[in-house]
Structure formats: structure tokens, C-alpha cells
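Asks: Pasting the feature list from TrEMBL:
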DOMAIN    14-440  domain 'Major facilitator superfamily (MFS) profile'
TRANSMEM  12-35  transmembrane segment
TRANSMEM  55-75  transmembrane segment
TRANSMEM  87-104  transmembrane segment
TRANSMEM  110-134  transmembrane segment
TRANSMEM  146-172  transmembrane segment
TRANSMEM  184-206  transmembrane segment
TRANSMEM  305-337  transmembrane segment
TRANSMEM  349-368  transmembrane segment
TRANSMEM  388-407  transmembrane segment
TRANSMEM  414-435  transmembrane segment
Amino acid sequence: MSDSPRLTFVQWTVCVIAAIGFAFDIYELLMLPLIVRPALQELIGAAPGSPQFNLWVGLLFFVPAMVGGVFGLVGGYLTDLLGRRRVLVASILLYAISAFASGFSPNVYVLLVLRCFTFIGVCVEFVAAVAWLAELFPDPKRREAVLGFTQAFSSIGGMLVTGANMLAIHYGSHLPEIMGGHEAWRYTLISGVIPAIPLLVIRPFLPESPAWAEKKAAGTLKRPSIAQLFSPELRRTTIVTTIMFACSYGIAFGALQQTPRIVPGLPQVKEMTADKPVPEQKKIEQAVAAEVNGVQEIGGLVGRFILAVLALVVVSRVALIRLFLVPALFFVPFLYYYPARYNLDMLHYGIFLAGVLTVGQFSFWGNYLPRVYPLHLRGTGESFAANIGGRMFGTSFAMVTSLLASVMPDKSTALAAAAVAFFVCAVGVIASFFLPEPPAEDIDEQFGE
């Protein structure tokens, strides 16, 4: 990149809006693990760990993921049909406005519906942003760097939502009353409107993908089709990337994102809350859970930066993903089998490394997918892997963990998370043996575009 010309104002603007989009993509997703416990305690009055509570935890993770996956695939198709910029802007506005509205949910059903809209926006945003960036920066080295470092802001989004939740816990009593109270989870959800504000200012400066716009204007842009993803040339790529994307999300949602629910059951946390009134207990539990979650997000940020650097020096993409997958296979299940059940201090250190190994994988897919699908299928192909594989099947492991906990000794969510983590990591490692390396030549030239 040192020999490349400096980024122009427009290119910097593009990077800024992409970074904001990636950051609040994860910001909106990671709200739920932080707020699901207090939200359900208020909206359905069920005790944590009860069958009704576990059912609704599973539904709030599972249903939006299914809806987001289906409509996210449609969004990927529209990204190829209507353009990258238009769909990107619409997706960010959708998830920001629906997140804001969900803070005023009068019951759990409204919360569920609004979370579905938020998930749709998030699912579409990732696909549109990755295709947009890949085509705005055609130089391979610069493209890898831009994709890698802008995606690192996803983890900053995780840190931001953790900070926003902690601020809401500490200062919520000073904010305007919502639905007759000052519940921190409502203020945390409302904060999701933030990305809509800079977007409205920056939008006029955002260019369309030059490659897409040129072909669209010339009438040579091929029509996208989901069936083409399963053509002989792309079938293996589509199937393997979908499975592995599901595994990456399965580790995150089946294990890491269960941590805020696990933390209150640790012996040290129980000692902190002993003999305290219930409101004080809830405040302590939420604060400790948010602190642990913050450590995980810092680990995720480090993982994304490590991936961004390694992507520039490791030639083999298969070797690159295994640098994260193989250690995760051994470490993440152990973390939830022992530290997450018995030792808060060990969990603090361990969750950092788990964040590095898990979240770094997400940036890998943002770099890999644009290189294996041609221009007219880029949004559709990325969307199939990310939304059907990652958002639908991968995030559904949150519900698997929740339901599995009911049959574990002591109904342990930590043990369920350990089992799920081992399973999805093992499947991911096996699938990596079938992952194709990106073609040496430009994928568009290979498909005659």
C-alpha cells in the first residue's frame, strides 16, 4: 500500500461510513445478550433459568435470526439488482430506527417483532458494505487492508454497546422515564439510533460502486440468480462457505454471547450479591456481566486487527482461517467447561483470548467472500453464506445452548455452551479441508465480466 496514491476525500468518506455501519451492525446484535435478562424479567416476570425464561431467550435469538436470514438473502439479491450504496443506506436506517423503537416495547411480542426488523437491517448491511468496499478499492493490497481495518470497527461497536449499557445502568435513573420506569435495558436499545445521524449528513457524498454502475449503465450487468450459486463452478464454494460461516457464528452465539447470562451464577458474583436487596443484586450482576463482555470485545478487536495484518502476509486463505479455528477448537470449550462455572478471574483472561479466536474469523469472511463470487453475484453469494449460514443457522445455536442447558447438570448454561462450542469448532475445522482457495486471476475475468 505504500506505493498506492493517498486516499481521496470521497474514499475516506466511504471508509468512515463503512466503519460506522460495521460498528453499529455488531452494536445492534450484541445488545440482546446484555439486555435479555432484565428485559424478560420486566416483560414476562419469569425467573432466570425457568422453562418460560429459557424459551423466550431462545425465541429472541432464534426468530430474528431466521427472519433476518431470509430477508437478508433478499437484500443481497437487491444489492446486485439495485446497487450497493442504495441498499447499504436503507439497511442502516432500518436497523437504527427499529432499535430505537424497541426501547419503547410495551410487551415481549413487540420487542420480538422490532428485533426482527433490526436483524434484517444488520443482515443486509454487512453484505452491501463488503461488496461496496471490494469494488471501490480494486487494488488487491489496498482492498484487503480497507476491508480488514474497517471491519475491525465491528469490535469497537461491541465495546461501545458494552459502554452504553454500563452508562445506562449507572445513569438511567437521571434520564426521562420510559413506560413508567428507568430500566437500563430500554435506554441501551434506544441508543441504537446513533448511526442514522451521521449517515443522513454523509449520504450525499457516497459514490456507487464504479464497476457495478458502469455495467448497469452499459446494459451489460448480468441478472443475479440464487440458482447460479449452485452451478458447477460455484457449488463447492457456496456450500462450504455457508457451513463455515455458520460455525463461526455458532461459536459466538452458542458460547460467547451466553456469557452475560452465565456470569451471575459464578461463586464470586453470588458472594457480591449476598444479602443485597433485589434491585442492588440486579445492578451488580449486570455491571459484572458488562465488564466481562467488554473484555471479550477488546479481545475481538485485537483479533480483527491480527486478521487484517495476517491477511496481507499469509498467502493461503485456508491456512489463515485455521490459525483461528484450530486453537478455538481446544480453548473455547475448556473456557466454558471450567472457568465460566467456577472462576471469574480465569474467565476474565480466557474470554479475551476467546474473543481473539472467534471474532477474528468474521473479518476473514469479509475479506474472502468478495474474491470468490463474480460482480453480478457478489451480493447474492455473500448474502447466502452470511445470512443463511451465519445469521440463520449460526445464530440459532444460541437457542440450542438455551434448550440444551435445561438437560445439563444443574441446568448449566456454561456446560451447554462448552458442548456447542466443541461441536461447531470441530465441524468448522473439518469443513476447512474443503474450502477452495480464491482464484489467482480476477474472479470477474474468470466469469467473462
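Placement of Cβ uses the backbone N, Cα and C atoms for every residue, glycine included.
TrEMBL: automatically predicted annotations, no manual curation.
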Asks: So what's the mean pLDDT when you look at the domain 'Major facilitator superfamily (MFS) profile' (14-440)?
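Replies: Across the domain 'Major facilitator superfamily (MFS) profile' (14-440), the average pLDDT comes out at 88.
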Asks: Need a quick answer: max count of Cβ pairs under 8 Å to the transmembrane segment (110-134), which of 146-172, 184-206, 305-337 is it?
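Replies: Ranked by Cβ pairs under 8 Å, first place goes to 146-172.
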Asks: Mark yes when the transmembrane segment (349-368) and the transmembrane segment (184-206) have three or more Cβ pairs under 8 Å (sequence separation 6 or more) and no when they do not.
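Replies: Answer no, regions not in contact.
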Asks: Hey, which bits of the same chain come close to the transmembrane segment (12-35), Cβ under 8 Å, at least six residues off its ends?
Replies: 60-61, 88, 91-92, 95-96, 99, 115, 118-119, 121-122, 125-126, 129, 132-133, 136, 146, 150-151, 153-158, 160-162, 164-165, 184-185, 188-189, 192, 194-195, 198-199, 202, 205-207, 257-261, 286, 289-290, 293, 297
Asks: List, by number or range, the same-chain residues at least 6 past the transmembrane segment (388-407) whose CB is under 8 A from its CB atoms?
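Replies: The answer is 51, 54-55, 57-59, 61-62, 65-66, 68-70, 72-73, 119, 122-123, 241-250, 252-255, 257-258, 365, 413, 415-417, 419-420, 424.
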Asks: Check for me, if you would, whether the transmembrane segment (146-172) reaches the transmembrane segment (349-368) - at least 3 Cβ pairs under 8 Å, residues 6 or more apart in sequence.
Replies: yes
Asks: Determine whether the transmembrane segment (414-435) and the transmembrane segment (87-104) share at least three Cβ pairs under 8 Å, counting only pairs 6 or more apart in sequence.
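Replies: Result for the transmembrane segment (414-435) with the transmembrane segment (87-104) is no.
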